[in-house]
Amino acid sequence: MNNSVTRLLFKRLLTLQLCHHFDIIPHRDQSFDCVQMQQPQNETANNFIPSIQLLWSTDPPQIRPDGTYPQAVELFPCFKDKWNTKEEILNIILAANADPKSNCVTVQSSPRPCSSSQFIYPRLDNAWYKNDGYIWKKRTNGKQNREDHLNLKISGHPHISAKYIHSAIVPTFHRRSYSVPDSDCHVLVHYLNVKTNNKIDDQAEEIARSMIENKVFISLSQLHDQLSPIFLQTLNVNQLVAEINEHLKKKGVNLPTSPLPQEPSSSTSRELERRNSCSSAFRKGLSSVALRRQPSANSEIDANHIGTMLKRFGCNGSSSDRISIIQPTMQNFQSIRSHQNHVAMESRSPSGDGDSRPITFEEDASYQQLSIKSSTNVSTPASAFAEKMKIRSGSQESPMGPPSSSSVTSTSLIPIIEMTPSSSSLKGGQKMLVVGGYYRKGHEYKISFGRGRMMPAVLIHAGVLSCVIPPSAKPEVVQIRVFCNGQAISTASEFTYEPQSAHLIKENDDTLVQIFEKIRIMACAFNAYSSIENIQSSSCMESLLANIVQQIDNEVSSQNLNYKTELLNGSAHFPSKTVLHLVASLDYDRLFEALIDLSRKVPACREFDIFARDNDGSTPLHTACKNSASRIARLIISIDSSAIDVVDDRGRTPVEVAPEHSIDMLSDKNNEEERVNATELWVMTNGKAFTTDKILDGKISRAPIAEKPDDLLREATSSYSIMSEMYEGPMLQAGTSRECDEDCESCCDPDSTQQLHVEIAMDTDVHVPDSPKMARLFHAVTSPGIVVPPNARARMADLARQIIEALPDRIKRNSEVSMCPDEEDPGQNHHGGVEPMFYQQASCSMSTDSPNMMDDYFDMMATETRNDIFTEPRSTETTETSASKSAQLFATHCNFFDDRSFASSSTRANTFESDTLDFDKDLGEFFTIHVDRFVDPIQQRLANLKYNDDEQRDVYEAAMVIQRAYRVYRARSTTRRQEDIERRAALKIQGCYRRYKQFCYFKKLHNAAIVVQKHFRMRKRDDKEEGAVEAVIASVPEHPTLDGQSICIQVPKTNSTMLRERAATTIQVAYRYRHRKRQAAARKIQNFMRQNRNNVNIDDGHTQHLIAENACAKRRRYVACPQTSGDQRNKRDSDGERKRDAHHDAPEFIPIGATPSSTTIPHRPTQRHHPWDQLKPPYGCGTLA
């Protein structure tokens, strides 16, 4: 009684649960044999229990003691000519999960399964079953198969994950894979050709169209192998292939009759080319069997392998030999499956569809890779499950097919023959070479250093990989492996991270002690010594030192304390390493940031100056690059990008002192085509180096300690602004890069922007590259097909405005007269918004690249008067007053511009690049300068670069076109004709701008030569002890001498092999002669100028004159001053006696005929320090920056 009640309750509960979750309606063609089962004890992960039991044709429907099954038993059909319903799919997968030992579960994949066949595969560790030998549609990148992912819902809940893939040859042939996400143990795979068109001609035309669209061009034999399993029972495959070939020939595609070499059945020839270069590695989405070959080896493919295999079990493709497959009969299916399992080769391959989980190192170590060495056309998929069991059992045999099939041998992974170096320090950064069986390029190689450290590798030679050794946190021995396209292809090799040597540890400890001492001195200078009390130098770490600096910063901010400058600036005569140098050597980025934050409250402090130099002339960036401190290097470059162009005493930039491949951003900077040359940098800055006023902003430049007179400050700012504009390189910002506007994103991308190469006709062999900002601007306004963003238009209009203001008035008047003919058409008076200056005669001279620019622009604008919102009345004044009217008209239109875009000519900060050129001064000089061609070679080059009147008129007209375009672009949509005219005008302005930059270059070169010559004369005067001052000056040669020969600054003529760098090198050699170290020379010049600052009396018999050295104007002059007695000077100076003693130490400045005891020392009228006194070595005049 109890047993019957229990069985009845179980039936009702099971029925209610199945009906609640999904309504199971058995189809008419399904047969269910009901047997009495035990009550299930376990349920699946999604609380479902299978409603059927899957049995193979040879399995009797009996109860197994090791499994729990429902009450229904179903024979799993291997072939089904329609898609399964969602309920059927769920039942099949759950039944397979409940009984994984069932014979319905297949552990071997079949090559090119026939249409209507379905399989149940175990997932194992990857989607290995997807390598079935068919050619499927690819993604847009052409590398991976395209899969459509869907979630099938049952009763409103997504319980089935489906993946659909479509054939690239037969558009009606598909493969569908189903799995249950909550219980991802088995997968149901179904192949089906949903449309069977019996007309061969229509089917052939459809297949030919699909092959052309998917770019599948294979041989006729391979096409026959692809179509045979799909149209096994419906069409004559031989006739179908012939029809397809005819359709392809009509469309201009000829398929090869012989099989393409090195082409497996599961991929095209292009895929195999990429595939074979991996040696024994397999690429995602390609065949599971790796083709291992040497560079000189060629593998041929047997095109008839599949045909031979099909003939063995009766599938030869002919209509007379077709096999009639009957659905209830299972013996034929079993024989086909057994034969497929027999000929399948063992291998393991991950799926290339992107849905497989990554392979761990342990799994890769437990598997081996098979390769084909003989001539085989088909890389048949293999049984991953059987291979896994075989390899774990230690067996080395591979089940083979008939002797006529391919010969397959099992080999291990590619061994690493040698690697150098085999050990490294904890810092890493060295280049390592790995030698092995890696031959061809075009693949993504990576080398793993233990777990979680993958470094990209480059194939620099056949069999040689190169990568950078990553840093390590502790000394250890790690396993190194080579990966190709994400798959391990080599055996493991040991690599050792060695601990630091004793002397390196000692050096680091000494550096830490020095940093602590520096911070202690800083605390004393800021009267914040309480922050470092009870702290020992032996316990200093980066975090502790950073906290100390932050405490000092907080105390300075809260109390606003005065600090002692002498403790922070150190000695100017003996430059040493600053705290930034020491921190950069250890790569303490947190401490470096804390010091930079503190420097914002301490202006003009050498300890916090990123341009400060040590005794070798190295900046903190040099030190960071030498020690591979990448974090500090990125931080310094983000603060001020010009630090990468500073050179040390040996003329080396930070890029040149950095180890190879240690810092990527510096290597990229070094590999640029247009890079700063150390000699050119020194010449362009007149031997000066400048730091920044606001370190974190890095925008406003200033001289180091430039005080009055204002001329020196103006000259220094102008010189540095030229350098910052001309040589500002694209740095690699670490998370601080400035984003462009949405409209300008495409044209302002530093990765996609390239410099425009527009030929400029000029008589010079000097090329000054565009800065990145100007290159991006010109690229945005001159490239066809790119929408010009508003900010680029504003900047271009600003440049055009400055050019117009710099041009002489006579050029403007002549251009206005030429653009305003006397006899005008009365109908043209009503062209709204077109100024008189835009009219142009046909005889107006225009450049060859912009003919009739103004006429085209006027015609174009006249047709768009309806959209023009700028209506200006026609000028009725005479041609004599046209200049004033034009200025008024220009000022009227300038009111429309934004305040940020336009400013007065005297406001430099509001220009489109605040740190670029001094356009107001230099452009006017460029257009109006009068040079003598017979003075010297540099003057000749300046004369050649100067624009003549006709060229200046062309530039003026182009600038007016840009001005007009900017005023009206917001109110109308630009046309193609308008864009062409604006582009030609922008090219004209670009040529003018580039020639102007070359003009500035030669001008600075000339000024640098003058500076060197003047300094040489100063030194020559000090060495002369006899003769009057006039005689001394007269005796100084015009040019410095080297080895008894006069050195003259010369620039080669056109077509000469000597370039500008040799001229600058000549300047350096002349200046640095007889001085090994630059600091010593700078100190001597400073002492000389400091001593000559005091006035010296010279008695010429009548009056007394004073000779004063004016370092700013770089010239000597005589200044008459009233005679002052020594007693009066002593009364005004309480410390006169000490000053007289100090001046007696410089006998070379005592006039001839006077004695030290009788010479009266002049009094310094003011306490204002001369600007040269504040220049620290190597910032002296004429030093090499």
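From the backbone N, Cα and C atoms, a Cβ is placed for every residue, glycine too.
Sequence annotations record features per position, and here Swiss-Prot assigns DNA-binding region to 72-200 based on sequence analysis.
Sequence annotations record features per position, and here Swiss-Prot assigns compositional bias 'Low complexity' to 393-411.
Feature annotation from Swiss-Prot assigns compositional bias 'Basic and acidic residues' to 1128-1147.
The domain 'IPT/TIG' feature in Swiss-Prot is assigned to 418-498; the stated evidence is similarity to another entry.
If you look up Swiss-Prot, you'll see 957-984 marked as domain 'IQ'.
Taken from Swiss-Prot, the feature region 'Disordered' applies to 252-277 (among others).
What Swiss-Prot records for 390-411 (among others) is region 'Disordered'.
Per Swiss-Prot, region 'Disordered' is recorded for 1121-1185 (among others).
Per Swiss-Prot, the feature repeat 'ANK' maps to 616-646; the stated evidence is sequence analysis. Sorting the repeat 'ANK' (616-646) by DSSP state (H, G, I as helix; E, B as strand; all else coil) yields 22 helix, 0 strand, 9 coil.
Looking at the domain 'IPT/TIG' (418-498) alone, the prediction's average pLDDT is 85.
Look at the domain 'IPT/TIG' (418-498): DSSP puts its residues at 0 helix, 45 strand, 36 coil. Taking H, G and I as helix, E and B as strand and the rest as coil, DSSP gives the DNA-binding region (72-200) the counts 20 helix, 48 strand, 61 coil.
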